[in-house]
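Feature list (source: TrEMBL):
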BINDING   CYS58, CYS61, CYS153, CYS185  [4Fe-4S] cluster 1 binding site
BINDING   HIS223, CYS226, CYS250, CYS256  [4Fe-4S] cluster 2 binding site
BINDING   CYS265, CYS284, CYS287  [3Fe-4S] cluster binding site
COMPBIAS  350-364  compositional bias 'Basic and acidic residues'
COMPBIAS  376-390  compositional bias 'Basic and acidic residues'
DOMAIN    58-198  domain 'NADH:ubiquinone oxidoreductase-like 20kDa subunit'
DOMAIN    218-300  domain 'Cytochrome-c3 hydrogenase C-terminal'
REGION    344-390  region 'Disordered'
Amino acid sequence: MSIEKIWAKGVTRRDFIKLCSAAAAALGLSETMVPKFVSAAEKAAKKPPVIWLEGQDCAGCTESFASNLNPGTAEILLDTISLRYHETLMAGTGDVAEHALEQTMEEGNYILVVEGSIPTVDDRFCVIGGKPFRETLLKTAEKAAAIIAFGTCSAYGGINAAAPTKSVGVQSIVKDKPVINLPGCPGKPSRLVATLLYYLSTGNLPQMDKYNRPLAFYGKLHHDNCPRRGHFEAGHFLTDWNDPKQVDWCLLLVGCKGPKTYTDCPQVWWNDGASYCVNAGSPCSGCTQPEYYAGFAPLYVKQENFMMPGVAGINADTVGKVLGGATAVGLGAHLAGSVAAGRLSKNKRSHNEPLTLKEEKEAVSVKNKSANNQREIAKDHTLKGKGGRD
Ligand code: SF4
Ligand code: SF4
């Protein structure tokens, strides 16, 4: 709804400013922010409308988006887009909210962002405002200019695909329009912001892979860019989180799905470059992949039944033997290649064995390279935050 329409409905500018004051207070901001809110809201009224629907979700993707720092959520919501409907963030409820949705749908040409999956067993598993979510999604998709599935649930079903609801992602329901998938559990805000800005500034969809993920965020294999990769090559696999010696070692044997996961996580860390799963000591659970969750569970356990294509005569059993005879862990073709090349077997060591000087140097160099990357990213973010955004 434009500002003019708000005035036409009998809401005075004074009321509107009061509303902005209340919003500033609710956010814990000072009165000096109110004129900025008013002017931003007026500008936002001319910005592309966005409808954000939530199906079967935990609102984690909304939480994640709302925690973005550069640019901040308020900046995105007020300066960049006009968010017309969002069940978690909007102040309106009930009929008023539903009316805002219908009105925006009537106008058409909006960006539809979807969070959460859609049950296929029975529509009654997800009913919002008295209507099955599947129907609302199909209807909202009709006049959408672009559709973005934010988070793994809306992209491929995610965790809910493993539930008795047999849930699926948006592209399995909306089949007559392209869907930009931005998987991640939760969705990463930097990917959503960049996709929105790209679409708004070019009017085009980004270049995508076969799973409809933008190549810019999902074009590289985690394992190839991992800060722990030096230890993988040296055959240092963490088996005990309590052993200080193993703190930086490769997490493959504790369930890492990095060798099968395409993501920008090693390059673009979470929370404005603060850290990310593998850096913090948690194996990558492959949350950006269509296989996630059921295909990768249990997440923190090396996988006995991971399908591994045979490479150079190497099969899962052989890999298991090479890695200590313990098991055939979850490996992709690349790892089998490493085994074939003798890298893993040659360097396999007990975790009690100290690193050689050369290995120490290798590990430090990989770590420093990664830290430098993060500093560059952080510097870039800071510049952008200071008005250097292009
Ligand atoms: S298996 Fe995981 S922790 Fe090890 S190098 Fe690959 S991505 Fe990194
Ligand atoms: S490191 Fe892996 S599990 Fe963690 S957010 Fe990135 S893709 Fe998901």
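Cβ from N, Cα, C; glycine included.
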**Message:** Of CYS58, CYS185, CYS265, CYS287, which is closest to HIS223 ([4Fe-4S] cluster 2 binding site) if I measure between C-alpha atoms? They're all binding-site residues.
**Reply:** CYS265
**Request:** Find the one among the binding-site residues CYS250, CYS256, CYS287 whose C-alpha lies closest to that of CYS61 ([4Fe-4S] cluster 1 binding site).
**Result:** CYS287
**Complete:** Listed in sequence order, the binding-site residues from CYS153, HIS223, CYS226, CYS250, CYS256, CYS265 whose CB sits under 6 Å from ligand 1 are HIS223, CYS226, CYS250, CYS256
**Complete:** The DSSP breakdown of the domain 'Cytochrome-c3 hydrogenase C-terminal' (218-300) into helix, strand and coil residues is 24 helix, 5 strand, 54 coil
**Request:** Taking a cut-off of under 6 Å between Cβ and any atom of ligand 2, tell me which of the binding-site residues CYS58, CYS61, CYS153, CYS226, CYS250 pass.
**Result:** none
**Fill in**
Quick note, CYS284 ([3Fe-4S] cluster binding site): same-chain residues at least 6 apart with CB under 8 Å of its CB -> HIS222, LEU251, CYS256, LYS257, GLY258, THR261, THR263, CYS265, CYS277, VAL278
**Prompt:** Of these binding-site residues, CYS58, CYS61, CYS153, CYS185, CYS226, which scores lowest on Cβ atoms within 10 Å?
**Reply:** CYS58
**Request:** Using CYS185 ([4Fe-4S] cluster 1 binding site) as the reference point, find which of the binding-site residues CYS226, CYS250, CYS287 has the shortest Cα-to-Cα distance to it.
**Result:** CYS287
**Request:** Measure from the Cα of CYS250 ([4Fe-4S] cluster 2 binding site) to the Cα of every one of the binding-site residues CYS58, CYS153, CYS287, then give the nearest.
**Result:** CYS287
**Item:** Additional residues around [4Fe-4S] cluster 1, ordered along the sequence, whose Cβ is within 8 Å of the centroid of CYS58, CYS61, CYS153, CYS185
**Value:** ASP57, GLY60, GLU115, GLY116, GLY151, THR152, SER154, GLY158, ILE159, PRO186, GLY187
